[in-house]
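To start, the structure under review is shown below, and the notes come after it.
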């Protein structure tokens, strides 16, 4: 199995957590197709079933994060920054329902809360303030990319 880099693992963790609504550390195998689809991989139901049977070793119908990583790594190894940008563009498009080329900070707040339910309102405010530096109340794709990939952090 190929090793995933830290960024790829972070993306998978966020995707996993977004679908682990009950925060029980596993997601139903039915979600896997959805997630792979969001990441830009379309596979047939048969292929999906085959992969899940292989990865869901305990046959629980649920994938723990490690199992999910094993499965997703098969699709992500050949990924590069460009593919990642494409995937984020797709995700952005899902939220930019009117196709305006931006999402509101309220929508971004929902996405961030979905990705990290332990985040406080203050942290969210600070993040939104930093992202929406011009105070427009909207976030364009480049700003969204920065948030999702952790780019441009002053460390």
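Easy rule for this one: first residue shown is 1, then count along the chain.
Backbone N, Cα and C atoms are what each Cβ position is placed from, and that goes for glycine too.
What TrEMBL says about this protein:
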DOMAIN    43-78  domain 'EF-hand'
DOMAIN    83-118  domain 'EF-hand'
DOMAIN    119-154  domain 'EF-hand'
Helix-strand-coil residue split for the domain 'EF-hand' (119-154), DSSP-based: 20 helix, 3 strand, 13 coil
Confidence summary for the domain 'EF-hand' (43-78), mean pLDDT rounded: 80
